[in-house]
Amino acid sequence: MANTPHGGVLKDLLARDAPRHDQLAAEAEILPALTLTERQLCDLELIMNGGFSPLEGFMNQKDFDGVCENCRLADGNVFSMPITLDASQKTISELKLQAGSRLTLRDFRDDRNLAILTIDDIYRADKQKEAKLVFGGDPEHPAIKYLNNTVQEFYIGGKIEAVNKLNHYDYVALRYTPAELRVHFDKLGWSRVVAFQTRNPMHRAHRELTVRAARARQANVLIHPVVGLTKPGDIDHFTRVRAYQALLPRYPNGMAVLGLLGLAMRMGGPREAIWHAIIRKNHGATHFIVGRDHAGPGKNSKGEEFYGPYDAQHAVEKYKDELGIEVVEFQQVTYLPDTDEYRPKDEVPAGVKTLDISGTELRKRLRTGAHIPEWFSYPEVVKILRESNPPRASQGFTIFLTGYMNSGKDAIARALQVTLNQQGGRSVTLLLGDTVRHELSSELGFSREDRHTNIQRIAFVAGELTRAGAAVIAAPIAPYEESRKAAREAVAGSGGNFFLVHVATPLEHCEKTDKRGIYAKARRGEIKGFTGVDDPYEAPANADLTVDVSKQSVRSIVHEIILMLESEGYFERL
């Protein structure tokens, strides 16, 4: 028999409201509508299917305050993470929202109506309270950054009536709702289930620790990875799910099942661990593995951990009696080469040789194509990871040249394009400033805002091409540090590699060699907002390479760029 849901009853709103579907669908068409963000969609799905039981909607102020201050809903149930629906004052005013209003919640991906929210209250988001009490207060924490940079100024609280399920087109058979997973466990005859949460690929050590946990408790294993929103830079869920599927046959037959969880993680450490335990309880698990630094975001810019290594375990232990799910404390396992086995580190006798490969080392080996031993991971898993994470010699990159007009960046870009084409191995795309202005940004002017927009368009194109394995050479003026930083983040965020080259040719040289007389026109006032004349150029603070055409030949500069790429592994090494 599966575990009792949190709060006693599974709040499966989809099943509850199915008899009224036609009525609710018709009403949703005529109500004011709010189009949800990706994170809001993840939250809504788990509200509607009961994954967030006992919630029946987005939190009102009483629930929000109780969760932030005491880890409890207003009804007294333990709940550790604020589940809120944020909206701007502009949206609230335009839709004429107030307490008692009914609001359609819409999917941004396909414009489908998913639910109707009856508004209980609209309250100002106390971001400072949420940041401090829920996430610890460090402004570098990703959840706090999201609060400060993305979340709107008001929260809308109220209960949900479900209209339609979210559409998914990937791994549909593995996306069990809590009710479906409970039925599946019952069909298999499972009464004791250890749930394992992960946002990373699984290797031999993970298989070993989950089997050990199941063996000690005479239980089965639910591999329950997150496929919603995880930490930026994580391996994509498509790759991870293929790797989980490849790993599954390595378990004893009938021991483990794989189910996917469309959760938007907050990387909230102790608070998140409690939340994860509640979610797994709602999915029918009786036991939940909580690891070292569970759901922690890593380190801040000072190299400090956001949470203590065992804070998450202590937090779940504090509420274990009320949570109603047994916590299995993750004991890190290590490989013993002399006996070809894995053991928990605290069970290894002194002096016995052990081997480990860190996540950083694994990423390095994937990047360079170095050997990944079978004692660490299974060949079928490594094969999948290599397919999605090719070595650098097969990856794309963006060379972003910035400098004054006539600094020589266009000449460098063209020469570099020829050199890379001769090198072969990847397609090469050239994005010169004038070309982009003509083809992509013809409607933009030269205000600071328009210049920023132009650079972001270049970054978007560069990121998509780089992710597909191409070499991109961009050569805009890009005078503002803010725009260049955003461009780097955009390319890196899409999985690409970005190199900023500052063509630091002095302004005097650029003017002196200007055969088109454009600087002269700007000096006479015939051209306004001209970089270097009446608009500033902010020199890069973090260029990967700085060159100067007044002191170096184009050929030598291109050679410097090639050497930089070679040193980073972007060309085949014999």
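Every residue gets a Cβ built from N, Cα and C, even glycine.
Under the heading region 'N-terminal', Swiss-Prot lists 1-169. The region 'Catalytic' feature in Swiss-Prot is assigned to 170-394; the stated evidence is sequence analysis. According to Swiss-Prot, the active site annotation covers Thr198, Arg199, Asn200. Swiss-Prot lists Phe330 with the feature site 'Induces change in substrate recognition on ATP binding', giving sequence analysis as the kind of evidence. Residues or ranges marked as region 'Allosteric regulation domain' in Swiss-Prot: 395-574. According to Swiss-Prot, the feature 3'-phosphoadenylyl sulfate binding site maps to Asp434, Thr435, Val436, Arg437, Arg451, Ile477, Ala478, Arg516, an assignment based on sequence analysis.
Here the features listed in Swiss-Prot are placed on the structure.
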residue	record	Cβ within 10 Å
Thr198	active site	17
Asn200	active site	16
Phe330	site 'Induces change in substrate recognition on ATP binding'	21
Asp434	3'-phosphoadenylyl sulfate binding site	11
Thr435	3'-phosphoadenylyl sulfate binding site	13
Val436	3'-phosphoadenylyl sulfate binding site	20
Arg437	3'-phosphoadenylyl sulfate binding site	14
Arg451	3'-phosphoadenylyl sulfate binding site	22
Ile477	3'-phosphoadenylyl sulfate binding site	23
Arg516	3'-phosphoadenylyl sulfate binding site	9
Let me spell it out: for each of the recorded positions (Arg199, Ala478), count the other Cβ atoms within 10 Å of that residue's Cβ, using every protein chain shown. Which one has the most?
Ala478
Determine, to the nearest whole angstrom, how far the Cα atom of Ala478 (3'-phosphoadenylyl sulfate binding site) is from the Cα atom of Arg199 (active site).
37
C-alpha of Ile477 (3'-phosphoadenylyl sulfate binding site) to C-alpha of Arg199 (active site): distance in Å?
40
Please report the DSSP secondary structure of Val436 (3'-phosphoadenylyl sulfate binding site), reduced to three states.
helix
Over the region 'Catalytic' (170-394), work out the mean pLDDT and round it to an integer.
94
DSSP says Arg451 (3'-phosphoadenylyl sulfate binding site), in three-state terms, is helix
Consider each pair of residues in Asp434, Thr435, Val436, Arg437, Arg451, Ile477, Ala478, Arg516, all listed by the record as binding 3'-phosphoadenylyl sulfate, and report the largest Cα separation in Å as a whole number.
22
If I take the alpha carbons of Arg437 (3'-phosphoadenylyl sulfate binding site) and Phe330 (site 'Induces change in substrate recognition on ATP binding'), what is the distance between them in whole Å?
55
Whole-number Å only: compute the distance from the Cα of Arg516 (3'-phosphoadenylyl sulfate binding site) to the Cα of Arg199 (active site).
56
